[in-house]
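> The structure under discussion is supplied below as structure tokens; questions concerning it will follow.
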Amino acid sequence: MGEEKEVISHVITTPPFEVEVPKTLHQIGQDSWFQVGLVLTTTVNCAYALGYAGTIMVPLGWIGGVTGMVLSTIISLYASTLMAKIHQYGEKRHIRYRDLAGFMYGYRAYAIVWGLQYANLFLINIGFIILGGQALKAFYLLFREDHEMKLPYFIIIAGLACVFFAVSVPHLSALGVWMAVSTFLSIVYFSIAFALCLKDGINAPPRDYSIPGSSSSITFTTIGAAASLVFVYNTGMIPEIQATVRAPVVDNMLKALYFQFTIGVVPVHAVTYMGYWAYGSKSSSYLLYNVSGPVWLRGLANIAAFIQSIITLHIFASPTYEYLDTKYRISGSVLAFRNLSFRTVVRGGYLAITIFLSALLPFLGDFMSFTGAISTIPLTFILPNHMYMRKQISSLQKSWHWFNIVFFSCLAVAALVAAVRLIAMDSKTYHAFADL
């Protein structure tokens with residue numbers, strides 16, 4: 001399968017710093033642009049998208065929400081192409097975001113980017129386990145309304161399923177057929193959600209589309225929604241995903257990105273707008289809580305969302321797994337005793353922490369805003385613009401990139417304040433391990 005059998009290191013020297021960068025034990029440069037495009041599309045069309053009607057459209061309304069979604073699509077494509085074009089900066093392939101930062105700026109940037117990226121991915125994974133738990137709970141409530149099973153219980157079940165999947169699939173390229181499964185599942189829950197929203201919207205009385213809250217709270221929720229917009233289309237791990245694509249790496253990655261931001265974003269926009277049209281300001285952070293219709297159909301949508309969340313979590317956890325596997329020289333057969341036991345204990349331990357925090361504070365919309373503010377905005381918009389200025393570009397282009405850096409830095413600070421406020425308020429409203 002083209003996997004390397006030993007760890008070979010090279011040293012990035014940026015006086016006075018030296019950064020040792022090990023080559024990976026995971027598979028590199030073997031995937032077609034189409035498979036990489038499916039990976040990127042999976043991250044966009046994940047079950048998170050079932051919440052955008054409530055977390056983005058409700059705080060922003062029709063004009064702000066639609067404008068924000070469209071602009072975020074365009075800006076995110078632009079920022080992602082910047083990252084793709086500097087993948088081979090300095091005539092060297094950089095398979096990790098932190099490696100590229102270290103090559104350009106030295107050890108301090110290497111460490112900061114590493115910290116930001118892993119915080120970003122960890123928070124995203126918390127969200128996926130919450131989503132998996134919500135999907136299971138919604139499925140349960142279709143058949144029983146006793147509420148004996150609380151959301152934290154379903155979060156634990158979802159987390160255990162993620163552990164099993166993490167042990168079974170060694171690396172990102174090994175997803176293979178699971179990408180087709182993920183695409184199919186996305187089509188299932190998007191189609192059902194769209195159809196049921198359309199039915200409910202046609203039969204419902206006039207909806208309230210006004211933005212809820214006082215003038216002060218609307219300010220904070222608007223800023224939080226802006227951070228969530230950044231989160232919608234971006235992964236914070238473009239170099240790691242690009243590492244799996246075969247040569248020519250820049251051209252093929254651009255094809256994958258164009259696929260993601262054209263065909264790939266249609267379902268997200270369609271379901272988000274349809275959900276808000278059908279339920280207005282009552283749209284929830286998990287759209288399948290709103291819909292009505294045949295029990296079997298809603299059950300199918302929830303199970304599809306649950307399984308797809310497991311697959312997508314694995315994508316976002318893969319940089320963590322790659323680091324651990326490379327550090328401890330884990331390669332070869334998935335079923336080899338050493339590999340199986342290592343992945344069970346180490347990946348299981350990582351996910352156990354994630355499960356605990358997911359059950360402790362299951363505020364999905366707040367985590368989207370917080371993640372966008374603390375890590376997604378810096379990694380997706382601020383740093384790529386600064387990195388791209390290392391290339392030979394005109395003074396006008398530099399001015400443009402500096403404008404982006406300043407603008408998104410201000411947005412990140414404002415979004416962080418708003419997200420912390422939202423989490424603090426929800427923590428007062430709901431107790432730990434709340435059944436939301």
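Note: Cβ is positioned from N, Cα and C throughout, glycine not excepted.
Heads up, TrEMBL stuff is auto-annotated, nobody curated it.
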> Per TrEMBL, which of 218-236, 370-388 is transmembrane segment?
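It is 370-388 that TrEMBL describes as transmembrane segment.
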> Quick one: which of 11-32, 33-54 does TrEMBL have down as transmembrane segment?
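Here TrEMBL associates transmembrane segment with the stretch 33-54.
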> For the transmembrane segment (150-169), name the stretch out of 60-79, 299-324, 345-364, 370-388 with the most CB-CB pairs under 8 Å.
345-364
> Please tell me whether the transmembrane segment (256-279) and the transmembrane segment (60-79) touch - that is, whether there are at least 3 C-beta pairs under 8 Å between them, with each pair 6 or more apart in sequence.
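Judged by the Cβ rule, the two regions touch, with the required three close pairs present.
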